[in-house]
Every structure is written in C-alpha cells, then in structure tokens.
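Enquirer: Once you've had a glance at the structure underneath, I'll fire off some questions.
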Amino acid sequence: MAQESSINRASRRTRILNNHLVQSPSDPTSCLRSNSCLSYTPPEVTESLDFDTKEMRKILDLHNLEDRDWLFGVIKQGKVFNGKERGGRLFVLPDYNQTMEQQREMTMKRIEYLFERGVFDGWLMKKGVESELKKLAFLDVIQNFDQSLAVMLGVHFFLWGGAIQFMGTKRHHDKWLRDTETFGHKGCFSMTELGHGSNVRGIETVTTYDLKTGEFVINTPCESAQKYWIGGAANHATHTIVFSQLNIDGMNQGVHAFIAQIRDADGNICPNIRIAECGHKIGLNGVDNGRIWFDNLRIPRENLLNSVADVSPDGQYLSAIKDPDQRFAAFLAPLTSGRVTIATSAVFSSKVGLATAIRYSLSRRAFSVTPNGPEVLLLDYPSHQRRLLPLLAKSYAMTFGGNYLKMIYVNRTPGSAKTLHVVSSAFKAIFTWHNMRTLQECREACGGQGLKTENKIGHLKGEFDVQSTFEGDNNVLMQQVSKALLSEYAAAKKKNKPFKGLGLEHMNGPVPVIPSNLTSSTLRSSQFQMNAFCSRERDLLNRFAAEVSLYQSKGESKEHAFILSYQLAEDLGRAFSDRAILQTFIDAEANVSAGSLKNVLGLLRSMYALICLEEDAAFLRYGYLSTDNAAAVRKEVTKLCGELRPHALALVSSLGIPDAFLGPIAFNWIDANSWSSVKH
C-alpha cells in the first residue's frame with residue numbers, strides 16, 4: 001500500500017509538471033514552444049488616475065512645495081550627487097561601494113556644494129515660522145537623497161547650532177551663530193557617553209570652576225565617560241557642545257552644556273583633547289562618528305550655555321529655577337528638534353520604499369492562474385496587496401501626524417513645551433518602528449531586486465536602523481509618554497478638574513460604546529474609529545494608574561512601580577500615538593471638499609484605523625473587541641485592499657518624490673538590467 005501510494009504521488013507530480021511545461025495540457029504529445037520575451041509596460045499605460053495627484057501632494061507636503069522642487073533639481077544636476085543612468089532614466093544615489101573615508105569626504109563635498117548654492121541661508125540667522133518651515137522642507141529633500149548628509153546637517157545646525165540658539169543667550173548668539181551658518185565653525189554635539197545614552201542625567205563627564213582663572217575645567221574621569229557616537233567628531237568638527245556634570249565648591253549642580261574647541265582651523269586636534277574613531281557601521285558611513293576624551297580642558301567661563309543657569313565670576317551658581325528636576329527639564333526642553341526631524345525623515349524613507357515596491361509590483365508579473373494564461377501582476381494578488389497597501393495607508397496617516405508635529409514645533413511657546421515633548425517622543429518611536437517594518441516588507445516584496453543597493457530599499461534599512469535608538473531609545477520614549485499621561489491623570493483626579501491638553505479631553509465624557517455587531521459602514525465610520533481608539537486609551541490609562549497605585553500601596557517607590565508596570569506603559573504609549581495620528585488624519589480629511597480625492601482619503605483613513613485595530617492585541621486582550629468583531633475587522637481590511645488597489649499608482653505618484661530619487665526597478669527594470677547597460 002505504501003509503495004502504491006508513493007507511485008500515485010509520483011504520477012500526480014509528473015502530471016502537474018507536464019501541465020506546466022507543455023503548451024496545451026489537454027495534448028501531452030504537443031511540442032514545447034518558447035514563450036515570447038517579457039517586455040516592460042509602464043503602469044501609467046494600464047492604471048487610471050482617479051484623483052488629482054498634484055492636489056494630493058499639496059495635502060501631504062503641506063508647505064514649501066516650490067522650494068522642495070528647486071532643491072530636488074539642484075541635487076539632480078550636481079555631479080557630486082553621483083547621477084547614474086539606468087534604463088534610460090537618471091537616478092541619484094550615493095556610491096556605497098566607496099570606502100568609509102571616501103563616503104565621509106563626499107558628504108563634506110556635498111555640504112559645500114549646497115552651501116555655495118545658498119541652501120543653508122538663514123538656517124540659523126533668520127527667525128520666524130516661514131524660515132523654519134523652509135529649513136524643514138529642505139531637510140526633507142536632502143534626506144530623500146542620503147541620510148548621512150541629512151544627519152551631518154542635523155548635527156551641525158539642529159544640535160550644535162540649536163543648542164547655542166536655545167540654550168545660550170545673546171553673548172553666544174552674537175559670537176557663534178553667524179560663523180556656524182557659514183561653516184566657519186563646524187559643530188558637533190557631545191552628549192552620549194560609552195556608559196550613558198538615554199540616561200542623560202547619569203553622564204560622568206565632570207566640569208569644575210577654577211575661581212583663580214575664571215575658567216571651567218572639563219575632564220573625562222573614566223573610560224565609561226568618553227563621549228561616544230559623536231557625529232562629526234572623528235574628522236571634521238572644530239567645536240562641540242559638551243554635556244557634563246557641573247561641580248561647584250564640591251556640590252554637583254547637575255548636567256549643563258559648554259562650548260569647547262576640539263580642533264584648530266587647520267584640522268589639528270587641540271591640546272588636552274583625545275579623539276578616536278567609532279569605526280565602520282551598518283549604515284551612515286558618510287557620518288564621521290567619533291569618541292572624545294577631555295584631559296583638564298580649560299574653557300572660558302562665558303562658554304557655559306546659560307539660558308537656565310549661570311556661574312558668576314566669583315564662582316556663585318545662579319538659577320531662577322531652584323528645583324533640580326525642573327531645571328533639568330527646562331534645560332533639555334529646547335532640544336526636541338532632533339526627534340521632530342527624525343520622525344519626519346522616517347516617514348519619507350518609508351515612502352521611498354513603498355513607491356519603489358508598489359511601482360515594481362505594477363509591472364512585474366509572476367505565475368498564471370489559468371493554464372497558459374498570462375502571468376499575473378504582483379499587485380493583483382490579494383496577498384501582495386495585504387503586504388503593501390496597509391503600510392501605504394499608515395505612511396499617509398503618519399505624514400499628517402508629522403505635519404502636525406512640525407506645526408507644533410515651529411509655533412512652539414513655553415506653554416506648548418509639554419505637548420511638543422510628548423508628541424515628538426511618541427511619533428519619533430512609532431514612525432521609526434513603522435519605517436523599519438515597511439522597508440523590510442518592501443525589500444521582500446521586491447524579491448532579489450530588493451537586495452541591490454541601487455534599488456535603495458535594502459540599503460535604507462541599514463541607513464535608518466539607528467533611528468530606533470538615537471535621540472532617545474524608542475522603548476524609553478514610549479515610557480516617557482505614558483509617564484506624562486499618568487501625570488495628567490493624577491493632576492486631574494487630585495484637583496477634581498476635567499482633563500485638558502494632549503488630546504485627553506475625551507476622558508471627560510462618557511465611555512464610548514462599541515457596537516456588538518460591526519457592519520462595514522460602522523467600521524468605516526470615523527466616529528466609530530475614534531471611539532474605539534479613545535476607549536482603548538481611556539481604559540489603559542485607568543489600568544496603568546491603578547497598577548502603579550497598587551504597587552505603591554505595597555511599598556514600592558513610584559519609580560519602581562512605574563518600571564514594574566512597563567507592559568501597560570507600552571500599550572498606553574501606542575494607544576496615545578495611534579489616537580493622536582488618527583485625529584490628524586481626520587482633521588486633514590475634513591479640509592478637503594467632497595469628491596474623488598476625499599473619497600480615497602476616506603479609504604486610507606479607514607485602512608489605517610482598521611489595521612491598527614487588527615494588529616494591536618490590546619483590543620482583544622482587554623476585551624474592547626469581541627472575537628467576532630475582530631474577524632469582521634480583518635475581513636474589512638481585505639475589502640479595503642481591493643478598493644485601494646485601483647488607486648495604488650496614483651497614491652504613490654502623490655508622494656512628491658521625483659523619479660530620480662527612487663530605485664531603477666520602480667521603472668523599466670528590464671532595460672535597467674539589460675546587457676547594453678553593462679559598462680565594460
């Protein structure tokens with residue numbers, strides 16, 4: 001029997017193989033005939049555009065569209081940007097075959113090229129919302145080309161320059177800002193140490209005040225105190241902001257920031273400074289990350305950035321903020337620009353991956369579903385739609401979230417500092433996690449072509465991976481978000497006042513009711529979607545507060561109780577983020593007139609909301625959705641994939657990314673890989 005079964009299986013496999021190989025499965029005696037060669041058909045030939053992609057781009061990019069397009073053109077025309085022709089098209093992409101040293105030098109040449117063309121005019125010297133938005137728009141464009149270039153500019157302008165601008169006072173502004181904008185000074189930012197990253201308060205670098213000379217003396221007391229991962233330090237920076245404990249008369253006054261010179265104008269390392277390489281990295285090798293040790297480095301007293309605290313010539317420590325915790329918070333509050341730019345750059349990276357992968361899937365075919373029938377476009381497979389279209393909807397949603405974050409940032413006031421801190425922390429974590437997941441899915445969706453560096457997607461993973469941990473480890477940031485929400489909860493309960501701020505006003509009303517039977521129309525209702533998100537956030541905040549309180553009642557400190565409640569903290573941080581992002585989507589959609597554009601935005605918003613409902617186990621874990629309702633959500637996501645499929649080309653064409661900034665497989669991938677493209 002076993003032998004017969006084996007023979008039957010072999011016979012069945014032979015028949016299947018025969019049907020695949022012969023031209024007519026009904027005639028096994030017919031001869032094999034060669035298939036005609038594949039040809040590339042641009043998706044524009046077969047796909048329709050049912051809404052105005054230019055109008056959609058305006059909604060997405062929001063500001064400075066002409067400035068963006070001008071800079072895209074500048075980069076395309078510059079030889080230093082390594083333009084290469086593939087398949088009859090020009091593509092710009094850094095040459096990652098270069099050595100680490102060569103990549104670093106090219107980064108500096110590109111900065112010089114952009115500087116000579118006025119790209120950085122006013123980045124530090126001009127004030128106001130318009131100039132800040134233009135700067136952010138230009139940074140969006142630059143990071144579409146190369147993240148190393150964007151990071152080096154971010155370090156110089158946003159971290160070094162931003163620290164002087166926001167943590168310094170007029171004496172620092174007058175002395176340092178103009179020369180920074182013109183690269184007379186090349187700045188870096190020495191906060192992270194070998195032994196301390198996210199825990200800035202624990203850094204070990206020590207600065208004392210020498211009353212006799214009126215100087216500060218900076219020291220690296222141990223190896224774990226060496227400054228680490230300092231972008232720009234290894235080769236190019238002439239100056240740095242040093243974060244250090246300040247010790248006055250034997251009393252530690254906490255972390256403060258100082259300006260220190262580390263190289264002279266000729267690039268020679270200054271006395272009492274030691275600098276070493278961090279070495280080769282999995283990405284961002286165009287950034288010269290270095291390590292710094294300070295050996296009794298003396299700097300003028302005026303080099304203390306003194307917007308929050310100062311030291312008088314006679315050695316008196318002066319600050320209007322007496323509480324050390326409040327002083328530390330005020331000290332670091334201005335440094336949110338890093339999280340803002342990281343969040344927005346992560347979304348643009350995911351857009352590059354999705355635009356490339358989706359365009360490829362609209363021209364690449366695989367397998368037939370009928371005997372001798374044509375091969376099927378990748379994006380016509382429901383499974384392929386399920387892989388990419390929910391991620392596209394999320395990227396749209398996070399674009400609106402990023403625009404909201406940028407507007408908080410450029411219009412910031414002392415009163416909005418808390419909102420800016422919480423939202424930037426939440427969005428930085430959520431957006432960068434989304435980006436890494438998206439790039440991996442896009443890489444796989446492109447098969448072997450996703451491995452080629454010139455197609456960008458695979459390499460972007462290495463370039464952007466660090467975003468999950470720099471400017472704050474994502475998990476730590478999400479816990480900070482939950483801690484801030486817990487503080488709002490405690491204050492509202494203690495004062496018996498309604499919630500106000502951080503979008504928590506929904507906590508003041510009755511608990512939203514989730515219908516027991518979720519129909520398609522209900523699932524696509526923005527009111528239902530917001531109710532579901534608010535119900536989750538509300539319940540998790542209540543649970544989190546109760547659990548922390550329970551641990552405290554058992555003798556645990558507040559901090560340790562918070563640590564023990566980390567799982568609820570993580571769930572709550574995500575709930576806050578998802579709800580805040582959904583609100584920005586609803587607000588953006590509300591500003592669009594009825595028509596095809598609004599209709600497709602409604603589909604994307606529903607996809608975003610429902611994929612969040614499906615993916616977050618909290619909805620089932622805590623009973624916000626029944627198993628039947630969870631199944632209904634899953635079914636609706638599949639329907640939405642089918643409805644978004646006809647709009648796929650229009651949606652990626654609306655992202656505002658010129659063809660030259662995508663991978664060659666987004667276009668004629670046959671010509672791009674033809675023998676004629678090989679240069680001997």
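Keep in mind that glycine also has a Cβ here, set from the backbone N, Cα and C atoms.
Just so it is clear, the model here is predicted, and its values are computed rather than measured.
Pulled from TrEMBL, these are the listed features:
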- 188-296: domain 'Acyl-CoA oxidase/dehydrogenase middle' (DOMAIN)
- Thr192, Gly231: FAD binding site (BINDING)
- 335-486: domain 'Acyl-CoA oxidase C-alpha1' (DOMAIN)
- Glu471: active site, proton acceptor (ACT_SITE)
- 529-663: domain 'Acyl-CoA oxidase C-terminal' (DOMAIN)
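Are these features on the surface or tucked inside, and what are their neighbours?
Expert: The C-beta environment of Thr192 (FAD binding site), restricted to residues of the same chain at least 6 apart in sequence and closer than 8 Å, consists of Lys227, Tyr228, Trp229, Ile230.
When Cβ atoms from all protein chains are considered, those within 10 Å of Glu471 (active site, proton acceptor) total 26, not counting its own.
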Enquirer: 10 Å Cβ neighbour count around Gly231 (FAD binding site)?
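Expert: Gly231 (FAD binding site): 26 neighbouring Cβ atoms within 10 Å.
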Enquirer: Determine how many residues of the domain 'Acyl-CoA oxidase C-terminal' (529-663) DSSP places in helix, in strand and in coil.
Expert: 111 helix, 0 strand, 24 coil
Enquirer: Whole-number Å distance between the CA of Glu471 (active site, proton acceptor) and the CA of Gly231 (FAD binding site)?
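Expert: One finds 12 Å between the Cα atoms of these residues.
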